[in-house]
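One structure is given below, encoded as structure tokens.
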Amino acid sequence: MQADFVIIGSGSAGSALAYRLSEDGRNSVIVLEFGGSDVGPFIQMPAALAWPMSMNRYNWGYLSEPEPNLNNRRITAPRGKVIGGSSSINGMVYVRGHSEDFNRWEELGAQGWAYADVLPYYKRMEHSHGGEEGWRGTDGPLHVQRGPVKNPLFHAFIEAGKEAGFEVTEDYNGSKQEGFGLMEQTTWRGRRWSAASAYLRPALKRPNVELIRCFARKIVIENGRATGVEIERGGRIEVVKANREVIVSASSFNSPKLLMLSGIGPAAHLKEMGIDVKVDRPGVGQNLQDHMEFYFQQVSTKPVSLYSWLPWFWQGVAGAQWLFFKRGLGISNQFESCAFLRSAPGVKQPDIQYHFLPVAISYDGKAAAKSHGFQVHVGYNLSKSRGNVSLRSSDPKADPVIRFNYMSHPEDWEKFRHCVRLTREIFGQKAFDLYRGPEIQPGEKVQTDEEIDGFLREHLESAYHPCGTCKMGAKDDPMAVVDPETRVIGVDGLRVADSSIFPHITYGNLNAPSIMTGEKSADHILGRQPLARSNQEPWINPRWAVSDR
């Protein structure tokens, strides 16, 4: 088995790479994927988003090591084990990120990845329905749209933000991210529109693209060059040969794991694991970043939430409506309004994100109270805490060791306390007078810094946005793993292209920037001239230095 390009992973970036690298028909591509089919209602029905993440069939099911600042809880760290990777099990929320995120990337050594450089790739990949004209793509493979927005609670949330003095944005993925607005989702015609739907399936219709179901054990490196991938399938170990390059797109947990198993990483750690050191790159597995969030839940005094649909019978009705007619509650992920806010005067870009949900519920679908309710998922998105990923052993099938080191920076506590108090201010606005009942969580007795900190230690969870473990940077940066053209430093014929190469976490959900990374990396791999830089200037709040709104 051989191809010009061998891609490890069919997720957000890997699928985009397969599509673009094979586009002109001159290059052969093999995609290696361990996970199975993404066909079925648990994945394809947007409202069923909680199901695939809870199923071992679709999820690698990783857990962090005990987190010392979170009562030593082991935090769930899901990654997609299915065609389409995590884009097939995620919440389908589409957020490009803020312009300052990508300008920061360039400042950190990722030359050519500033906002002006990446905006054309966002436009190339998007098929936006109703986005801001001139700022959005309209004929790309990735369908992006808003939900039906039929529930009055969505509108109450946006109106409450206006009453509190915050900005409103008509398109947070356009020129102006900051403010309250309607949330976008990667759905189309009532179905999840994953990277597999947008990129991989069209690519697999080409004669020069092949998908191989297998377990990738390590990258084969000969005389300083990646020549293939050692795989296991059907109980046999084989090698898939790469005539040109191997591209690792296996997630922020498995991409560094594969590099280390192949002898690329911190020399001392590799020796400890009994692995021959091919290239000493101390940054492999370091710089792990993530977003955290908690659920702020409130009783609704009016029977307008989704609570009535939680009994099994009504879930079955919603499922049948979706299955046979592609209509009803099943066609949306139910995250249909949102906010992107700045935490304080002097903060230039939004750093607090809200997902609003018209029901008070846990992620597994259980009601938080025996009543109608509503909630926000809220978190501080620019944490300075950093973790790492390392090997548990030299066994390729052993789970990686994941240490997030959540809440290890003092500023995180200050910002999350502010999130609690700010949410109370928003839910206290006149727009919620018709609906506001008792506070379910954190609870009205949780008021002091100490009480809020206690709540956070027990209830903060991952937003499932890990990144940064194969950092992109300048070649002379000792902690960089790949250069700005996504080439692994010190090895020929090997690249990494997924969220693991982000030098710094972006503001918002990571599916969109991960796909963009695949799109842009494809041009680097093919030696093409990058798309022309944009000269569009995004909106920055003129009051940012003196006001938080």
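Cβ coordinates are placed from backbone N, Cα and C, and glycine is handled just like the others.
Features of the protein shown, as given by Swiss-Prot:
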{"type": "BINDING", "residues": "4-33", "note": "FAD binding site"}
{"type": "ACT_SITE", "residues": "His465", "note": "active site, proton acceptor"}
Spatial neighbours of His465 (active site, proton acceptor) that are distant in sequence (at least 6 apart) but have CB under 8 A:
Asp290, His291, Ser499, Ile505, Asn509, Leu510
Densest Cβ neighbourhood among Asp4, Asp24 (binding-site residues), 10 Å radius:
Asp4
Mapped DSSP class for Ile8 (FAD binding site), helix or strand or coil:
strand
I'd like to know which of the binding-site residues Ile8, Ala16 has the most other Cβ atoms within 10 Å of its Cβ.
Ala16
On a count of neighbouring CB atoms within 10 A, which of the binding-site residues Ser12, Ser28 is highest?
Ser12
Just counting, how many other CB atoms are there within 10 A of the CB of Leu32 (FAD binding site)?
26
Using a 10 Å radius around its CB, how many other CB atoms surround Arg20 (FAD binding site)?
25
